[in-house]
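Colleague: Please see the structure below; I have some questions.
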Amino acid sequence: MLLFALGFLLVILQPSSGQFPRVCANTQSLLSKECCPPWDGDGSPCGELSSRGSCQNILLSLAPLGPQFPFSGVDDREDWPSVFYNRTCRCEGNFMGFNCGECKFGFSGPNCTERQVKTRRNIFQLTTSEKNKFLAYLNLAKNIPSQDYVIATGTYTQMNNGSNPMFRDINVYDLFVWMHYYASRDTLLGGSNVWRDIDFAHEAPGFLPWHRVFLLLWERQIQRITGDENFTIPYWDWRDAEDCEVCNDEYMGGRHPTNPNLLSPASIFSSWQVICTRSEEYNSQEALCNATREGPIRRNPGNNDKSRTPRLPSSADVEFCLSLTQYESGPMDKMANYSFRNTLEGFADPQTAISNPAQSGLHNALHIYMNGSMSQVQGSANDPVFVLHHAFVDSIFERWLRRHRPMLEVYPAANAPIGHNRENYMVPFIPLYRNGEFFKPSRELGYDYEYLQEPGLESFQDFLIPYLQQARQIWAWLVGAAVFGGIVTAVLTGLIRACRKKKGGTSSEIQPLLIESEDYNNISYQSNF
């Protein structure tokens, strides 16, 4: 009955998220390279008559890229989305969306003027009713087609440069699986040749902002198809976990009784079919994933390669990662040392921050530990544990932002791997979002985390640490000031005494005592930091 009611809401709501807008997936739009659909509210492109936005040329970043991708003009994702469209809606004020028909994250109301901050909660803090509703929402998304978006089943060249569109429908949940695949797929170079060292969502500075947008869009999509505007993604706090605490039939599915690689038949997720998991097959066929079903979700948590991932991440791993002051460093890829991003992503040791791609820490450790669908990058979003996991990873990113309070300039403007510079648009989202736009506190984007709101020691430490770090940076100056102040005080004291003695030799009985010599030697200037 719940699923029927939720399904009915689809008829009266207009969902939106990212990828190819259905209204622009046609020959006319592709040949004109323009995606500026009308807003239903006034019928004008981008809602221009209502001052929501206007159709504008896309402004691409000209900043140089890193050396990781030595090609040009061979991949549809280069200078996204210019291969498909070079004119899109540019929305004004707090409006957003491919036709400026939505509000920016963190705003609501008919004119998008009402600020809002919603709270993401620990999945184990949800009531039974709330938890069951979340599971029902997931299953609903898996069984309802996306109304506003389609996926590409061929490259722009295979579409004969737009004259032969190749798109197909997809359900809401799999739309996001496909987007994750598309951002991380290999580059097809022709024949059997591919370039694997490319990823628009991982192994570089954009890893955290990209997944932040991904979750925000996924969250909004669930809100739209269910009519539950207060829905937020729960998170799984996996610090110090001894096993997969959510891998049971009460939550995300337990282990199959006879096949440890599959989910329990008692879980609703046991009937789910995965897509976009056969990258080698797509490469050999010079094809894109077309969302064909490829079998059930596979998961065998804990039976992974222990030499690569010996355990789940600890609280100490997270705290060390948070102590790193550099967001990015060196080559800005998986070989970066002392990089917060690379350490959190899991390519650097969570105890030294030295790059070690042969090991998997923090974020990567969870993927490897799951030992199944979630362990292969391109298809990892097939497992719904992905959402819980990345929500917690995003909360760690949020803690780092609050602790270190970086300026936007901290995010690299140039020389990052392709697609990861600050002003690059994120692949494959339409409407367009730049990496740098999501390098800011979550409350500015309309959400927060339950455990970051608690007035406990953890939050207090995150508040205090930036000031302690600043104190360390000026410690030498403070000591020097203390010494200088002591010398000046001593000199002034001597001069005053000498002057008073010279004036008349006032007796010690009536001479005011400035300071006893033994007390003076015990005085020092100390900082409370």
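Note that Cβ sites are derived from N, Cα and C of the backbone, with glycine treated the same way.
Okay, so TrEMBL annotates it like this:
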DOMAIN    202-219  domain 'Tyrosinase copper-binding'
DOMAIN    383-394  domain 'Tyrosinase copper-binding'
REGION    293-313  region 'Disordered'
SIGNAL    1-18  signal peptide
TRANSMEM  474-496  transmembrane segment
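Any idea what these are sitting next to in the structure?
Modeller: Mean model confidence for the domain 'Tyrosinase copper-binding' (202-219) is a pLDDT of 98.
For the domain 'Tyrosinase copper-binding' (383-394), the residues of the chain that approach it from at least six positions outside its boundaries are 120, 123, 138, 208, 211-212, 214-215, 218, 233-238, 244, 246-247, 252, 269, 297, 299, 344, 362-363, 366-367, 370, 372-374, 442, judged by C-beta separation under 8 angstroms.
Under 8 Å from some Cβ of the region 'Disordered' (293-313) lie the Cβ atoms of residues 238-244, 247, 253, 255, 260-263, 269-278, 350, 358-362, 364-366, 368-375, 382-383, 385, all in the same chain and six or more residues away from its ends.
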